[in-house]
Amino acid sequence: IFVLQKVFAGLLAKRYVGLGILLLVSIIFLFLSVLPFVFTPSNVVCSTRFFIPGFAYSLSFATLLVKIMSLRSYKLIGLGGELSNINQFLTVLFITGVQISMGIHFWYIEDQQLGFMRTRLNDVNQLEYACVFDRIEFVQYLVFVMFLILLCAIYSIFVRNESKNMGEAKFIMVYSWLCIPIWVAWVVCLIVLPRFWAEVIVCVGILTCATLMTLIVFLPKLHRISRLKYDVKRSGMENGGYKVDTDFMFERPYTLPTSSRSSNKYSVKTNPRFISSFDTSLSY
């Protein structure tokens with residue numbers, strides 16, 4: 001709501017807003033993907049336990065990858081260049097679609113038991129329900145997500161010094177490299193530890209990645225948005241006497257050489273009306 005209020009008020013520009021909102025949606029999906037592990041097992045619940053984590057992971061890391069790709073592209077095309085927001089969304093959709101197709105493959109084709117429950121009678125003759133959750137197949141299902149994490153980590157190294165969008169590239173680089181040991185840890189625990197702990201390990205891994213993404217990538221940028229004191233739509237003395245490129249979100253305006261930056265060195269300014277009184281040694 002805070003970001004949307006900034007956008008509608010005209011305080012933020014358009015280049016990175018769409019991907020930022022999409023990143024927030026992906027974080028929400030990550031947190032929501034642990035809910036099927038809490039509900040009582042059923043055909044739908046058992047299927048979503050397998051399918052939704054991969055979808056949420058792929059959406060979040062696809063958004064991060066497209067964000068750093070766009071930062072790199074803006075640097076290459078130079079001042080005034082534009083990237084299509086539709087193309088960026090289609091890229092995220094395509095990357096996420098690969099994981100969705102893999103989920104459908106595991107769901108309907110490779111494992112016919114995935115959508116069914118296992119039932120048994122306990123010691124007091126009560127019927128118990130449990131999901132068929134193959135740990136090896138679940139890790140294989142997330143191989144594409146692991147590839148996205150590694151790709152984000154490597155690609156972010158080359159754009160880490162990019163200052164556009166409030167230096168977001170460094171936040172993404174730190175988060176991507178932190179995710180690698182986290183994923184190695186929870187995947188090893190999932191395979192080595194007994195089956196009883198499988199759901200708990202998966203939930204801990206999801207919540208850890210979602211929390212770190214919120215703390216490292218999203219909240220720092222939100223904090224910098226809240227500290228913006230100028231309106232990019234306005235120009236004049238409020239913005240230092242020059243106009244601001246409204247498409248560059250979160251960036252403080254830069255002056256051209258020998259323009260208003262040199263003028264600010266002189267406390268007293270003159271405004272000559274005749275060419276004869278013009279003194280080239282002074283800055284007007």
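A Cβ is built for glycine as well, from the same backbone N, Cα and C atoms used for every other residue.
Sequence annotations record features per position, and here TrEMBL assigns domain 'G-protein coupled receptors family 3 profile' to 19-225.
Taken from TrEMBL, the feature transmembrane segment covers 16-38 (among others).
Per TrEMBL, transmembrane segment is recorded for 50-68 (among others). Remote same-chain residues near the transmembrane segment (50-68) are listed as 16, 19, 22-23, 25-27, 29-30, 32-33, 36, 88, 91-92, 95-96, 98-100, 102-103, 106-107, 114, 133, 138, 141-142, 144-145, 148-149, 151-152, 155-156, 159, 165, 168-169, 172, 175-176, 202, 206, 209-210, 213, 217 (criterion: CB distance under 8 Å, separation of at least six residues from the stretch ends).
Sequence annotations record features per position, and here TrEMBL assigns transmembrane segment to 89-109 (among others). Residues of the same chain lying 6 or more positions beyond the ends of the transmembrane segment (89-109) and with a Cβ under 8 Å from any Cβ of it are 18-19, 22, 47, 50-51, 54-55, 57-59, 62-63, 65-66, 69, 115, 137, 140-141, 144-145, 148.
Per TrEMBL, transmembrane segment is recorded for 138-159 (among others). Tertiary proximity for the transmembrane segment (138-159) is limited to same-chain residues at least six positions away from its ends with a CB under 8 Å from its CB atoms, namely 50, 53-54, 57-58, 61-62, 64-65, 68-69, 71-72, 75, 95, 98-99, 102-103, 106, 169, 172-173, 176-177, 179-180, 183, 187, 190-191, 202.
Feature annotation from TrEMBL assigns transmembrane segment to 171-193 (among others). Same-chain residues lying 6 or more positions outside the transmembrane segment (171-193) and placing a CB less than 8 Å from one of its CB atoms are 64, 67-68, 135-136, 138-139, 146, 149-150, 152-153, 156-157, 160, 201-202, 204-205, 208-209, 212-213, 216-217, 220-221.
The transmembrane segment annotation in TrEMBL covers 199-219 (among others). Residues of the same chain lying 6 or more positions beyond the ends of the transmembrane segment (199-219) and with a Cβ under 8 Å from any Cβ of it are 23-24, 27, 30-31, 33-34, 37, 49, 53, 56-57, 60, 64, 133, 138, 168, 171-172, 174-175, 178-179, 182-183, 186, 189-190, 193.
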